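Quick look at what TrEMBL annotates:
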- His17: active site (ACT_SITE)
- Glu66: active site (ACT_SITE)
- His70: active site (ACT_SITE)
Amino acid sequence: QMSANDCQDPPEYWTIHGLWPDKAEECNRTWHFNVSEIKDLMSDMRRYWPDVLHSSLNRTQFWKHEWDKHGTCAATLEVLNSQKKYFGKALELYQHVDLNNCLLKAGIKPSSSYYQMTAIKEALTRFYGVTPKIQCLPPEEGEKAQTIGQIEFCFTKELQLRNCTALKGESAPMQADLKLGTEELSVCSDTLPTYYPSQVQ
């Protein structure tokens, strides 16, 4: 919708945006992304972490961006201290969280009728035992419903799920980079009806 010229055949399932340390951006600018380091992960990367906005020939632009901005910071943890570990661990966490399956089991699936955000939140919290952060595109002019856009899970440094609420004395994670096209995702409103579209028109 936001980048109509480039977004061909968007996947009809939840994919990965990134694995982001809370407090850092672009930690080591000299550590350049090298796609050959993740060649073993390629089929999973293309499937679960696709770049739907840029139709560059090899579609590695998105991964490069995520590595430069977030991966080089995450690498302070031993379990994430190489490109292969960073991307491999993100894929592993994605499979472990299994959001696609969880939402289906909870009866939350793409639909032309609206959901209550509180019902979606409760289902996720019941399933995972932690509160994720759900982000939406606000209603467009003349519309009443927000559209679900991104579901963020938070982890401890040991990569265990935790609630996505800022801990005391912690600043909220930096969210400034979440611009998709000209629209911006923001934390969903609990009171607006929520649209979970099956096909992005």
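Note that Cβ sites are derived from N, Cα and C of the backbone, with glycine treated the same way.
Long-range Cβ contacts of His70 (active site) within its own chain (separation 6+, distance under 8 Å): Gly18, Leu19, Trp20, Pro21, Ala24, Glu25.
Glu66 (active site) sits 8 Å from His17 (active site), taking the C-alpha atoms as the reference points. Under a cutoff of 8 A between CB atoms, and with a sequence separation of 6+ in the same chain, the neighbours of His17 (active site) are Gln150.
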